[in-house]
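Here the structure is laid out as structure tokens; the discussion comes afterwards.
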Amino acid sequence: MASTAPILALDPAPASASASPPAPARAQGQAQAQGPLSEACGVAINYIASYELNVSDGYLSMVCYFDEDPDAPVYVPFFQDQVEVKKGHARQFIRYLKERKSKVCLPVVKRLDKEYWGTNVQAIVMALELENGLHKLLQDLQNLASQKNETDLLEFLKRFVGKQKRNIKYLEYQHSYQKELERLTSKEDYVSY
């Protein structure tokens, strides 16, 4: 009986016709998704993706408000950056849903009812509220993923939670700085009278 090994060696199949290659790992070292996602986690991810888009809109509104100001606060570039970052996060959550064979159905999240952002401190407070709200949603999803033994989802969420913590710290610093600046400015105004 002839061996088939030499035939395979002489007639290799083209790469596209070979057996399906191993699935590539997701970008940035993420673990490969394991089976369908639990329905509760899918609903939560849909809400987070929608909320991320809402936060992006809020930042865009703030950027437009301060765009006309020649003395725009130092944190406006952060707001500009977050417009795109939050949209990107929403896309990543949607992609994750699709990878895990979950339905994408973004709920309507009530938009911010603001057109006037007021003082620098008021804008920072609103940004902090948005970021803290998102952080709470991510923590709730982490807890749910733990209960449902969704280890892949827990791994996926790690970087988002880390970014949220950094954003919150930055905004808290800006909040303290802007409050101190307002205090010093009002003290100077009082002394000059």
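Cβ from N, Cα, C; glycine included.
Note that TrEMBL annotation is computational and uncurated.
According to TrEMBL, the feature Fe cation binding site maps to Glu52, His89, Glu131, Gln164. Glu52 (Fe cation binding site) counts 25 other C-beta atoms within 10 Å of its own C-beta, drawing on all protein chains shown.
Annotation comment: TrEMBL describes 35-182 as domain 'Ferritin-like diiron'.
According to TrEMBL, the feature region 'Disordered' maps to 12-31.
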- Count the Cβ atoms, other than its own, that fall within 10 Å of the Cβ of Glu131 (Fe cation binding site), considering every protein chain shown. 25
- Taken over the domain 'Ferritin-like diiron' (35-182), the predicted model's pLDDT averages 91
